[in-house]
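Q: Please find one structure pasted underneath; my questions will follow.
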Amino acid sequence: QAPIKATCEEDMSCKTGFPEDVHSAVVSRSVHGGQPLLNVRFRSCDGNKKIHFGSSEPEDFRVAEDGVVYAERSFQLSAEPTEFVVSAQDKETQQEWQMRVKLTPEPAFTGASEKDQRKIEDIIFPWQQYKHSSPLKRQKRDWVIPPINLPENSKGPFPQELVRIRSDRDKSLSLRYSVTGPGADQPPTGIFIINPISGQLSVTKPLDREQIASFHLRAHAVDVNGNQVENPIDIVINVIDMNDNRPEFLHQVWNGTVPEGSKPGTYVMTVTAIDADDPNAQNGMLRYRILSQAPSSPSPNMFTINNETGDIITVAAGLDREKVQQYTLIIQATDMEGNPTYGLSNTATAVIAVTDVNDNPPEFTAMTFYGEVPENRVDVIVANLTVTDKDQPHTPAWNAMYRMTGGDPTGRFTILTDPNSNDGLVTVVKPIDFETNRLFVLTVAAENQVPLAKGIQHPPQSTATVSITVIDVNESPYFVPNPKLVRQEEGLLAGSMLTTFTAQDPDRYMQQTSLRYSKVSDPANWLKIDPVNGQITTTAVLDRESIYVQNNMYNATFLASDNGIPPMSGTGTLQIYLLDINDNAPQVHPKEATTCETLQPNAINITAVDPDIDPNAGPFAFELPDTPASIKRNWTIVRISGDHAQLSLRIRFLEAGIYDVPIVITDSGNPHASSTSLLKVKVCQCDLNGDCTDVDRIVGAGLGTGAIIAILLCIIILLILVLMFVVWMKRRDKERQAKQLLIDPEDDVRDNILKYDEEGGGEEDQDYDLSQLQQPDTVEPDAIKPVGIRRLDERPIHAEPQYPVRSAAPHPGDIGDFINEGLKAADNDPTAPPYDSLLVFDYEGSGSTAGSLSSLNSSSSGGEQDYDYLNDWGPRFKKLADMYGGGDD
């Protein structure tokens with residue numbers, strides 16, 4: 001490192017201005033923007049003056065208010081000294097002082113001895129001196145020490161001494177030196193150290209400019225008591241860049257495009273590399289160049305690159321995507337301004353795709369295409385037009401569009417494009433008649449979706465001819481005219497010839513027999529058609545008033561068929577407009593009316609109805625017949641309009657009842673048609689409002705249709721209900737019979753013992769022993785009575801594990817055998833409930849005071865038995881109480 005020398009001479013006399021006319025300083029060759037270079041010294045005898053500094057080269061140098069000169073931009077100093085003028089101006093008096101500054105670049109390292117290179121410069125603190133004998137004081141102005149330039153990546157040895165900081169007061173005082181700031185006592189700490197006794201400043205390890213480009217330290221001097229002796233001074237250490245970083249491309253592979261056929265000088269793309277070294281020094285100044293191009297056709301140098309910006313442009317013509325679709329370039333970036341000897345390099349790949357332009361028109365594969373289509377067919381493809389196009393498939397420059405330039409004046413064809421194959425599909429959009437056109441010759445042109453590139457014309461191969469043959473097919477016959485309108489008066493008799501309705505066959509060039517006719521639709525079945533000549537005759541009288549006639553129009557449909565292959569047919573509609581004749585007499589409406597039996601109010605409004613139309617309808621004439629004479633005697637009629645009249649009583653009073661009043665109505669037809677209509681008039685007593693009050697008296701003897709239907713429905717419903725009830729009763733009887741025991745009715749003991757109101761001879765007319773009917777447990781000892789005996793005449797509530805064992809003691813007589821058999825059947829059948837066997841009624845347990853009924857005539861009881869308690873049993877036992885109670889009587 002070259003020594004930097006800063007001197008300050010003491011001058012006892014005070015003179016405002018720069019202390020010297022020329023100030024020299026040594027700085028590094030590489031100057032960074034914003035870098036402090038030196039501190040100009042200006043002496044002001046009056047400390048209150050405001051001095052403004054300026055530079056003669058403001059674009060390169062700037063002087064701050066404290067006199068520090070900064071670089072405005074980054075540049076390289078030339079070998080010759082750089083000079084500029086620094087000016088100072090008093091803002092109040094406008095007085096100006098100037099000083100010339102000469103900057104000399106630091107010399108490069110030479111082969112001088114290590115001792116000369118490591119010569120250390122002293123940096124002396126500015127000092128202050130006071131004269132105690134005078135109120136005036138003299139003070140040195142502080143200055144900025146020129147920056148210390150230290151190369152990065154130094155190999156040592158470490159610690160490496162930089163400068164020695166010293167105060168001129170260390171002769172009289174014992175001082176201690178220290179430095180502060182980033183790199184010293186602030187992170188990263190320990191890079192710079194200072195000997196507190198000697199003030200020697202050293203660096204402890206290699207520096208890296210890419211991490212920290214400069215260090216700003218502050219040196220301090222204090223006495224042994226820690227008191228500040230000198231003002232701190234600033235020390236700037238700039239790390240000098242070394243070429244220790246290779247250029248790096250932002251992307252290893254760069255992709256770009258260029259249209260085919262581009263002219264030389266067409267911009268393609270820009271590649272960019274960066275260098276971590278100082279971009280303002282040669283170490284960071286990059287240069288680009290193309291190392292190789294693949295493929296090398298049509299020229300090995302189709303592209304060039306701007307060595308400073310990295311812009312790639314074309315330099316040769318002949319880019320053709322159909323021949324070369326992509327180029328690959330190897331790009332090299334080198335620092336040291338591209339110096340191949342000292343610079344570091346790196347490479348990247350640039351891939352340039354040649355994009356397609358429409359420089360190839362579509363060309364038909366044939367000059368003439370052929371197709372055929374059956375007549376009257378639409379939406380069918382009749383021909384495929386194939387083309388070739390060398391442009392990139394499925395792009396606007398490849399997609400073909402077809403248009404017809406001639407041969408189709410009526411627009412019967414269209415050409416669609418198949419998006420996959422790019423073929424043209426000739427399609428029929430309107431029916432074609434073989435009898436009119438047998439052959440079409442179309443002229444077709446093919447184009448792309450985008451226009452051709454400038455200077456390229458369509459060749460003749462872009463136009464072709466399409467020959468389309470129409471195939472004759474059997475067509476349907478058609479009626480002429482269709483529909484056919486015929487005007488005919490109604491009333492035409494059956495068997496009359498109405499008209500001839502024939503069809504035509506459009507197939508003039510086919511050998512076919514004549515057409516055959518038949519009827520398809522004839523709602524009223526009035527017509528028939530001759531199958532050969534199409535003559536239509538009537539089979540019934542034509543009636544305009546028929547329900548099948550709408551708005552005087554009757555429609556019938558007929559069919560005409562040929563014998564072609566396949567057979568074809570066509571329909572035609574015959575419309576018969578029926579003209580009205582006066583074939584219907586008018587009728588009265590309504591058919592029934594009601595009026596009061598007195599003269600007032602008694603008017604009845606009636607209307608004449610005629611199915612005919614004008615002039616065979618109204619106005620109508622209304623009159624009453626001459627016979628019977630009572631009609632005109634009791635009634636009178638007055639026409640109030642062409643269709644309406646009023647019927648009223650002629651006499652003052654007519655007895656309530658139902659009267660049939662004939663009315664003669666005549667229309668206006670020519671000839672006239674008239675009829676006599678009966679109007680059923682109900683005459684009744686009326687209240688003040690004219691409403692009938694004795695409707696029940698005049699109800700007609702006959703019943704209307706609605707009443708008869710209602711009565712019949714009621715009768716049918718009643719019969720159905722009776723039938724359902726009978727069926728239900730029969731089904732119920734069958735269910736009862738199915739539940740009875742399958743035993744002989746003569747052996748059924750229940751038919752004898754289930755009688756409660758018997759008043760006959762009693763037990764005298766019985767020929768068997770009733771004692772056998774006693775409850776078995778009454779004659780059996782209590783010791784053998786089973787536990788859990790229950791009544792057997794009711795359903796069990798809870799299931800038991802088994803049926804109770806019943807007594808098996810034999811009982812004499814037929815009744816006893818029957819009972820034992822029933823008991824055995826019930827005991828041996830686990831599914832038969834007990835109530836299906838012996839039924840015991842009103843059983844109240846053993847030892848009843850009433851005893852058995854069989855004892856009433858036994859010799860053991862006799863007359864000593866007291867039966868008075870029967871009176872307490874209610875009315876059912878009153879007869880027994882009268883027979884046996886009350887003593888001997």
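Cβ coordinates come from backbone N, Cα and C, glycine included.
So TrEMBL says this about it:
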DOMAIN    142-249  domain 'Cadherin'
DOMAIN    250-364  domain 'Cadherin'
DOMAIN    365-479  domain 'Cadherin'
DOMAIN    480-588  domain 'Cadherin'
DOMAIN    587-693  domain 'Cadherin'
TRANSMEM  707-729  transmembrane segment
REGION    846-867  region 'Disordered'
COMPBIAS  846-863  compositional bias 'Low complexity'
Q: For the transmembrane segment (707-729), what are the same-chain contacts with Cβ under 8 Å, counting residues 6+ beyond its ends?
A: none
Q: Per DSSP, what is the residue tally for the domain 'Cadherin' (587-693) in helix, strand and coil?
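A: When I sort the residues of the domain 'Cadherin' (587-693) into the three classes, I find 6 helix, 53 strand, 48 coil.
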Q: Pull the DSSP breakdown for the domain 'Cadherin' (250-364) and write it out as helix, strand, coil residue counts.
A: 6 helix, 50 strand, 59 coil
Q: Per DSSP, what is the residue count of the domain 'Cadherin' (365-479) in each of helix, strand and coil?
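A: DSSP classes over the domain 'Cadherin' (365-479) add up to 3 helix, 52 strand, 60 coil.
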Q: Per DSSP, what is the residue tally for the domain 'Cadherin' (142-249) in helix, strand and coil?
A: 0 helix, 47 strand, 61 coil
